[in-house]
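Asks: Have a look at this one before I ask anything.
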Amino acid sequence: MASKYERILSDCRSKNVLWEDPDFPAVQSSVFYYQTPPFTFQWKRIMDLADSGSGAVAANSSAAPVFLNESAEFDVVPGKMGDRWLVSCLGLLSSLRNLFYRVVPADQTLASAHGVFRFRLWWCGEWVEVLVDDRLPTINGRLAFMQPQASNCFWAALLEKAIAKLHGSYEALKYGTRSDGLTDLLGGVVRQMPILSDNIRPQTLKELLTTTCIVTCLADKSATVAKKNLAERMPNGILVNVNYRLSSLDKVKTLMGDSVQLVCLKDTFSSKPFGEKTHFLGDWSPMSKTWERVSQVERARLIRQLGPGEFWLSFCDFVEIFSTMEVVYLDTETSNDEEMLKSRPLHWKMKMHQGQWKRGVTAGGCRNHESFHINPQLLISVQDEQDLVIALNQHTAVEPKVIGFTMYTWDGEYMLSECLQKDFFKNHVSYLNSDYGNTRHVSYHTHLEAGHYVLIPTTYEPAEEAHFTVRILGTGSFRLSCLETQTMILLDPFPALKSTDAERCGGPKVKSVCQYEPVYMQLADENKTINCFELHELLEACLPNDYIKGCANIDICRQVIALQDRSGSGRITFQQFKTFMVNLKSWQGVFKMYTKEKAGILRAERLRDALCDIGFQLSTDIMNCLIQRYIRKDGTLRLSDFVSAVIHLTTAFNQFHLKNYGQVNVIEVHLHDWIKSILSC
């Protein structure tokens, strides 16, 4: 079956037209969604930019614009309105050629594309193909965003547009980070390591280079806005806020007999051999006198190891110049595309879970909140002692929630299969806690012994909704599963009155109901029964004028009749009325326990616990159905909503047990009976 790209390309060829993307049109809102700039963008196709002679393409190049030139250096600049963090990420991607072709398919040209280009990006837990047309925003005839300086290669400008399309607009990229870019482009888990505070040592770098991860470093000194929006260079030639890739380490013996630890870095903006147009000017650079300290043999050996754009510097200079390392951990499948990673001895194995924080169901907030236990709970079973990298990614690019995660150890005697309850978290200290931040990604590196661990991904505040992906990478054996609560009845939610109470109006609750008998008899028929409309009148007359009065509505009355009517007459007796009223008082007592801050208003995230006290243990899916049916716009429930939910559940369980002929939690039901049961709820 042809892909969407193939269908569009075939259609454009048959009609001999250039494609216009209907999902990301050439309009102002595709550039700035929230802000309104004081000018209008003109959208131009790449070939039109070249034909206009306006200087929109590289002025110092006579070459015609192309999509991709494999021999060209990476010479992309952000333009007047582009983002330097994204340029840095694209520079790193371009230095990893096989991973580059995963994102930027090479079989595309400006001449044969008919205006449609495709890219592959890691988005919301999977690789997705993104299609864009080649209309780019310009100001006064010049490209407003990413553009080449001399090469006239436009893959970067079109890839930037594809990323903007995923985010909703170019403006949304203003809030992006290098971690976001590296994740989207490489599909890995990004971990930031401050070099000084993390006490980075040569051994740390060596261990990283034995695994399938890409190690980058950057000097994030405060940068000033440079001329022509070029990245700022430090006096030693190092670009500020640009990712340099760590290639290798080596030790060199000087003529004086001492050893110097060297670090090899790749300048992603250069593809020249060592000594030719090398930007780094410090010790061990081509013209440095430091080379006089080593023999010609050692010099030749070290230079032989350098690839295009690579250079040596001492480890001491490394930790002084660079302030942060950004490590991209890649799983085995992705790393196998890159030859230098494929041959490394340790490969990261990845397990992934995709979930959702849903208000009232799984959005419990961080461990500061009493609803923390309703968050998704993931069981990590570690077979071998090993390092693990845990990453939480929310599927929200604009206005992300504050997110993080907490982990607990589980050393119980039995294998955990159901969610841990609130008491567990009250009585146990967490094993680890990530930082919380309003970022798309939060990651944590830890060393775990063999055992079982429960991971709780959360938003910081309860009731905040978002989809998320949890990825866990390890070098050994481990399993990841989602814990779930089994749906069952723990207590009878609608107990019948004891026979003595029913006959003699015994007990305070029953006595208070018996006082309504005269009103009941006025409404009852000759058989002393009432229907839902008469029950409505009775409740209107009997219930006090507080929040319980809301239960006097026709919908609840219909539910009460359906719950207790076994004959199909649509009527109930006074004894059945008493049973309902006694249980209503009990339900109100439970409701009050969970609405102490504001009487009569139950926050949705407390519904699960309140229903558990009534007698229901419910799975996440069933809680989701209940919340969708009964939650109000402000994220709360009133007593009438709560009572309706309790009756609804009681009826559903009763209908199931009527059809259960011995099989555990399984029934076989005829279509007629199934429809009847559904309508009875």
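Each Cβ is built from the backbone N, Cα and C atoms, and glycine gets one as well.
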Asks: If Swiss-Prot is the reference, give me the range from 20-52, 284-316, 482-514 marked as region 'Linker'.
Replies: 482-514
Asks: Including all protein chains shown, what's the count of other C-beta atoms within 10 A of the C-beta of ARG571 (Ca(2+) binding site)?
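Replies: Result for ARG571 (Ca(2+) binding site): 20 other Cβ atoms within 10 Å.
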Asks: Restricting to the same chain and to residues at least six past its boundaries, which positions have a Cβ under 8 Å from a Cβ of the domain 'EF-hand' (552-587)?
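Replies: Residues 493-497, 502, 509-510, 512-514, 516-517, 520-521, 524-525, 527-533, 535-536, 538-540, 542-543, 614, 640, 642-644, 646-648, 650-651, 654, 680-681.
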Asks: For the recorded Ca(2+) site formed by ASP565, SER567, SER569, ARG571, name the remaining residues of the chain with Cβ within 8 Å of the site's Cβ center, in chain order.
Replies: THR529, ILE561, ARG566, GLY568, GLY570, ILE572
Asks: Check each residue in the chain of ASP565 (Ca(2+) binding site) that is at least six apart in sequence and keep those whose C-beta is under 8 Å from its C-beta; list them in sequence order.
Replies: ARG571, ILE572
Asks: Could you check the binding-site residues SER567, SER569 and say which one's CB has the fewest neighbouring CB atoms inside 10 Å?
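Replies: Among the binding-site residues SER567, SER569, the lowest count of other Cβ atoms within 10 Å belongs to SER567.
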